[in-house]
Amino acid sequence: MALSSVSSCEPMEDEMSIMGSDTEDNFTGGDTCAEATRGLVNKSAFVPTQTVGTVSALRNVVGNPPKSVVVSFSASPQRAQPSNPKSERPAFGHGRRNRRRPFRRNNWKQQQRGWEKPEPENVPARQSAGSWPKRSSLPVHMRLGQRGGDSSSADSGHGGAGPSDRWRFKTRTQSVARVHRNRRRGNANHGSNTPGRSAGDRLNAAAARSIADVCRRVTSSRIGEMFHGARETLTTPVKNGGFRAENSSPWAPVLGFGSDQFNPEARRITWDTLVEHGVNLYKLFEVRSHAAEAARSLRDAVMRGENLLEALASADETLSWCKMIVTKNLPMRTRDPIISSSVALLDNLRLKLEPFMRCYLSSSGSPTLAELCDHQRLSDVACVPTFMFVMLARIARAVGSGAETVSRDALGPDGRVLADYVPGACLAGTLEAIDAHKRRCKADTCSLVSAYTLVPVYLHGKYFYCNQIF
């Protein structure tokens, strides 16, 4: 068919040229001459003055059509559309290699095709049995990597299209826009996910105006009004009468809001008293929901403002309360005011003891304080301070998770870890550890830190106070 198409055309002159290109096919096979004839402008160019050698070369080209044939005329014809709309894409070894392909993210099912080998009649003529499959027939993770399960080398044949075959790595291209964007950020050697400040990272006008106008909004008289309003709010912290404990209840003096200041010695009780009357307080926390909600908020604020001795006493209060609940076989509710404040208590203790624990734990080869609170392993417990932090971290994790109750296994198998705990051990054991490490450690700075942890009196550190507003 190709020779008959050539014979129907007139020979071309010497200025005509036939060039091969590696672009997409515009016209192939027997349609080449017909498409060229429709786009002909200068018909005088087809005067039969061509030599026999030129006609023979034209017959060879048409008989063995290249990938693309472009015929140049004195006036360029209009580019014809391909006659075969289902033309196959060339194999991996031909054409442009770094062409960007659309990446399908959410339509994975559309890319899942049969892994069977194509039928012989469906295989294109240019794609042999040992050539690479088309890119569009493979998912991205197979085009950019090697598949396991095949002992053949990377240079062996890849005729099979099964998931057990191994594929070569595809050279990944870089987006031009991304490269320019990274160069503008001054970080062209890293990906776009590298943190960096963009050009729009600036303070907006409203925020700058609000900061500048604070001196006109806040005055000394305004500060006095703030404190006066806060005192009025604290005079009636709870509505609906609070916990409304009976006068005969041993917890009545401590359940009032704002009655008097807290005095540890005035509220000292024994372990036997806590076991005997602790259930009554447990039920009041459960029944008086409005008062318990206010108690949770106030206790959380109190836990964050305590000094070291008060914080250690609060740790003993929390662990003693949990031990009483385990002894009475009651659920440890996370909305209990004492248990829910374990998060604030842990944060305050870490803030107060972090400078001391840094040297104390490193000298004994124990994990850091952050690792103790994150991993919460009982195997890391070696002394009273580590026991206190691990147990409080386990309770705080249950509270922060949103669970209704703390599992008994959080306190060891069936809560048996607290069986050896004696109320008051957190305060006594931590003070003992600080003093023992102070005597043992030879570092001068550690001695200062240990002493200041025990007696936090101001010696040095603050240098000025600058306030131009009031």
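Cβ from N, Cα, C; glycine included.
Since this is a predicted model, take the numbers as computed values, not measurements.
The following features are taken from Swiss-Prot:
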REGION    1-31  region 'Disordered'
COMPBIAS  73-85  compositional bias 'Polar residues'
REGION    73-202  region 'Disordered'
COMPBIAS  94-107  compositional bias 'Basic residues'
COMPBIAS  178-187  compositional bias 'Basic residues'
BINDING   Cys359, His437, Cys441, Cys446  Zn(2+) binding site
ZN_FING   359-446  zinc finger
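The helix, strand and coil residue counts that DSSP assigns across the zinc finger (359-446) are 64 helix, 2 strand, 22 coil. For the recorded Zn(2+) site, residues Cys359, His437, Cys441, Cys446 set the reference point as the centre of their Cβ atoms, and the other residues of that chain within 8 Å of it by Cβ are Phe356, Tyr360, Ser363, Lys438, Arg440, Ala443, Ser447, Val449, Ser450. Summary: among the binding-site residues (Cys441, Cys446), the fewest other C-beta atoms within 10 A of the C-beta are counted at Cys441. Within 10 Å of the Cβ of His437 (Zn(2+) binding site) there are 21 other Cβ atoms, across all protein chains.
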